[in-house]
Structures are given as structure tokens and as C-alpha cells.
Amino acid sequence: MSCVHNNTSFPVQTEAYLKEVFEKYKELQESKDTSLTARFARALKYYQFLIYTAFSDPKFGIGQGENTRGLLIYHQMGMGKTILSLSLAISLSHIYNPILIAPKSLHSNFQQSLLKLIKLLYPETTDHSKELQKISRRFRFVSLDAYNMGQQIIKAGGSLNGCLLIVDEAHNLFRGIINSANDKTNARQLYNNIMQAKNIRILFLTGTPCSKDPFEMVPCFNMLSGRILLPLHYERFYTAYVNKTTNSPLNADKLLNRLVGMISYAGNQNELNKLFPTELPLIIEKVEMSPEQYRQYLLARDVENAEKHASSGMYEKINAAALCLPGSEQESGSSYYVRSRMISIFASEMLTVKEDEKLSEAVQQLPKEAFTENSSPKIVCMLKNIKTSPGPVLIYSQFVELGLHVVARFLEIEGYQCLQPLKVLEEGHNTILLHKDGKDLMVKNFAEDGPTRTLVLSSKITRFTLITGKILSKERDMIQQLWNSPLNIHGEVIKILLVSKTGAEGLDLKYGRQVHILEPYWDKAREDQVKARIIRIGSHDALPPEEKTVQPFLYIAVANQKMFYSIPEGSQEQKTIDERFHERGLEKSHLNSAFRDLLKRAAIECAFNGESGCLMCQPTNALLFHENFERDLRLPNPCQPLVKAEVKAYSISYEGKQFFYQKNKDVGLGYTFYEYNPIIKAYIEIKPSNPLYIKLIKHVQAGTTA
């Protein structure tokens, strides 16, 4: 019989179940068993194997009856969510049709991870490529960011019925759903298809749930449960579960009850933290804008304020529709202060864009004299910090043309060489990467376990390269391989990598010593995602202990002080857009972090990992929550905290079974009885309402105790 998730007994049953799985894992680790389960036990980390087993075991109950249809895999970035999902896809492919939904740039990541997994599963096989082709044929890939995503899904499987749906970077899907003004967007159509699907299993992979707003939980858990588990309207959700006065969760106990059984969390266990490099405290560089830059910035702010006033009132009386954040109807037309934020990075009077000319081309045409401390104090400050780095450096900006491309020009002027690939060719066992200066970079058998590694490069040149959303996946993979080469341990091949939001997704980088975030964002999870590109399990294993550190930097443009105080009082903008974004991000981060803590407490591994605050109820077999969330809030909490304790009790045998009892004058009839629960492997109290309770009292009073 499978576990029932909407039940007070489920948390303790889960703890006992996972302990059994862990013991099995340890046995299989040492065995010579060649079964698929044993192979996965040897290939996976223990926290992966726990979820692998629970998800695929009907006894645990996923997909059974009214239980959840899947899991939110909330594992810290760099812990192997992709490997876990592929393991389940392989094991369940004879039952469910695996469909992998991810940004197109990440599809090759899945292929690489699949090959890595195959090598772990079948170390005795010499031709892993044949096994890769065999297994790959079972998978269907869909691009999350494609305009025709719906058509791709239909082509992949006809419908989502009978599918194992794996969504990577799932927070992007949740945000896309609540940012949609109607049901015509890709994200909203996928939501509706998932809600209507029958016999579907779901894996949502993300290291940063609730990154924008706690309301992201609504589409996530509604899709996992297959019903309206959480209220669809923003106002009702916030009224029920958010204390706006304290900026913290409200009715947290009732929300936890609804979420239990749908979350897997791994990330802050001590033994896992030891595998990560040390993240040093964030250095915030507040950089004063130059006079000319600040002048252009103020002009841009005037334009943005005028646009804001022109559109004000259009949506004020419109309440957010179902599954919409307030203001989603107008977000497509919002500038998000793009002008002023880009000028906060770079401003030059020499920059003019001709008709039919791309902004990136205009930046390339600028003379050397345009790239000075006056045009970008931020970048000049960043370059000074980069020169102190003993190893590879990662630079992030969400702006490509007036962010990353400008940084690239500064680097070239400083003498760095751009290794941006123009073409990747395959020639037998050799891969040739043609880069910007026209020379060839040859890599022979360039793989982590390859027998030889040969690079034809000048060791006297310091190089940088870029990965944005426009780069081809093959070129992206080659850059990642070059960065991760043992020959690049201190940046000898690629010293600096510039990435955009799209370019950064899915990157798995080693050896990085500094991360530079060129502008703040109101979503602090974005900054965590960037840092996680190089702060990963095992990413610094090849370095000596003193070098296993990563120093993050954040750059915030502040007003030119001389000009600021020359502006009439009352007309001054007290904080720059950078400062406002940073402060808003910290405020939002506090609320989002509090909700992420709730997800950790509701995770199925919480008690197994010995975490504090886990949802653990007395196993009374009562319903954990009422389907109607408003009525549920009015009802008493059925989850009575479970307290484990050793007590002195007398043994009694009744009808061939052993029980224990205490004389307890504080209880109505003077006795407390306990019976053994084989599921949780512990004794639990027998309630006075149980007919057995009276029978045991009579048995004791008759003087037949053992």
C-alpha cells in the first residue's frame, strides 16, 4: 500500500522509508550486484539515490490516487539535478515518455550529462557512444524559450498524457506563467496542458524557487498536484499566506501542510558544504559616476519618468487576473529603467547609432578614446579588481551591447585577446576552433578522461571570451571545455569569461576565483545563479586548500556628488536606479528567502537530514489539510508536533500482540497505551477514542499484565 501524502502520518512514514533506502544504498555501494538499481546506487550521490528510489517506487505514492504527480527538485546549484533527472528518465522510460523542457542553450548540457551518467553506469563498456545513441532515442527535447514550444511538445509526444516531464531552470517557467497577461503565452499554455494531462509525472529542477515572488509557488504546486492546491489570485494568496506588515510568511503551518510530499531539498548539509569552494563575503563597490555620465543619466531618468507618468492610471483599477502578478498586463511595455541602467555602466558622447546599424556594431566602431574612466568608472574599477585575481574570472551583465561588448572593448585596449569562436570544426579526433584573430586553436582528444590534451596557443597572451544567448551550443561547449581544462587552472587559456543571463544558464565551470556582477538586479536569486556557475561541488578540487575560494563583487553606480549637490533641493533623485534596485532586491530577498525556508521544512528529506523545524506530526492518520484553502485556514491545525522521548512503561500482551502502558492520572481513564507502528518503526500512543483502548484497560484491570 502506498503512502498517502495528505495525512498526518506521512512525515514520519517518509523518515522511516528514507532510512531504509539509505541502508539499501550503503549495501549496494559495496556489492557486485549488476542490476540497474545497483548500478544507479554506485553512480549517484546518496541524496540523489534517495529521490531516485522514492520517485520510482509505487510504495512511496507519487502519482498514486490524490498524491502529488511529481517533485520540485530544489537542490543547491551544482549538486547534480540533471544527473538525477536523467537517471529517472532512463529507469522509467519503459513506462513514461520522457520529455525534457529546457532553454535551447542547455540541451547539449543534457547530452553531456547523459554521456557522463552512462560512463558511471557501464564502466565496463568500451563504446559509450553506442549506448548514448540507444538511450538518447527515448528522449524528446523541447525548447522552453522557443516561440513554437507548444508545437514541439505535440511533435514530441502528441500530448503530455503518459509523459515524464522534466523542466530545467523551472523558475523561468513559473515566472513566465505569472508574468503572462493571458493564456496565449507559451508558459501559460504549458501550464494548462500540464493541469489537464493524465498519468503524468513531473520533475521541476531549480536551485532558486521563489526567486521573484512567493506567488511563483502557485503554478508550481498546482501543476505538481494536478488541482488548484493554492489560490490562483495574487491578492487571495497574499491575504492567506503573506504578512505584509512584517514582510514574512503568514499561516506558515497551514501552508506547510499543503506542500508536504512535493519537495526535495538538498544543499546545506555539512558533509555537502565541504565539497564546495568557500564563498568569501561579497564586496560591494559603490562607484561614483563621472560628470558627463551623470548628466546623460539624469536625461535618461527624465525620459523614463515622463513615460511612467504617461502610462499611469491605465491599469490602476484593474485587479490582477488569475495567475498574474499585479502589473503583468503592462510589463511588456515597461522599460525597467533600461536606459538609465545601461548609462550607469557606459556613457560616451561619441556613441551614435546610424540608421540600420546595430548597437553592437556602433560600439565596435568607437575609437579607443571613447573607452576611458570618464565613460565607465564602473568598468575601470572592475578591471583593477580583476588584475588581483590569481585565477579565472567570471563577469556578468544582463546587458550585452552596452554591457558585455563594452567590457570586451576595454579588455582589448588593455591588451587581452578575444577568443570568441567564429566556427567549430570536427576533424577525426581533432577539434579546431577558429577564433577572432583568424588563428587556429587545435584541441586533440579534448575530454576530461581523454588520453592527450594538446593546445596550440601562445602562453604570453591573456585571453577572454563571451557566452551570450546568440552563441551556438557547439561553440559554448567548446569554451566550457577550454575553461575547465587542467591547462586553465590559473587562467592560462581563458582568463576572463563574460556571460549574459541566457549565456550563464547551465554553465558548469571550474577553478573560478572571482565573480564580477556589473549591475544589481531586484531579484537577488539572479546573483546567486551567476555565482553558482563557478561555486559548485568539486569545482575547485584540483586547487590547493588555500586557493579554494571565490570572491564575488557587485558594482553599484552612485551619483556624482559635485553635480548632485548643485541640483536644487527637492529636485534631486536621492538614490540612483542601481541603489534602488539593490535595496529592493534585498527587501524582496528577505521575503523570498523566508518562503524558501518553508520549502526546506516541507522537503521529504528534512527529518532524515536532521534539519530543524521539519514538518513532523503525530501519526494520527488525520487529513493534513482541507481542499478548500479558505476553510482550511479556519480549521484547527491537524498536525500536532511529534515529540520523540524515552518513557518507562509496562509491557502487556493482548491477543498475541505486545503493547506498553503507563499509569497516568492526568488522562481521563488513568492510562496511556502504546502500540508498535511497523511503518515508522516506533511506538505510538493509542487514542482513547480507539475501541482497543477500553479493551486494554479492562485487560490491565483484570490483573493479566505480563
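Each Cβ is built from the backbone N, Cα and C atoms, and glycine gets one as well.
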Inset, instruction - With Swiss-Prot as the source, identify the stretch among 168-171, 276-279, 588-591 annotated motif 'DEAH box'. - result: 168-171
Legend entry - Conformational class of Lys81 (ATP binding site) under the three-state DSSP mapping: helix
Inset, instruction - State the count of C-beta atoms found within 10 angstroms of the C-beta of Met77 (ATP binding site), not counting that atom itself. - result: 19
Inset, instruction - Indicate the candidate from His75, Lys81 with the smallest number of other Cβ atoms within 10 Å of its Cβ, considering only these binding-site residues. - result: His75
Inset, instruction - Under 8 Å Cβ to Cβ from Gly78 (ATP binding site), same chain, six or more residues apart: give me those in sequence order, or none if nothing qualifies. - result: Gly207, Phe276, Asp508, Ala532, Ile535, Arg536, Ile537, Ser539
Inset, instruction - List the same-chain residues at least 6 positions away in sequence whose Cβ sits under 8 Å from the Cβ of Met79 (ATP binding site), in sequence order, or say none. - result: Lys45, Tyr47, Gly207, Ala266, Gly267, Leu272, Ile537
Inset, instruction - May I have the list of same-chain residues other than His75, Gln76, Met77, Gly78, Met79, Gly80, Lys81, Thr82 whose Cβ is within 8 Å of the Cβ centroid of the recorded ATP site, in sequence order? - result: Gly207, Ala266, Arg536, Ile537
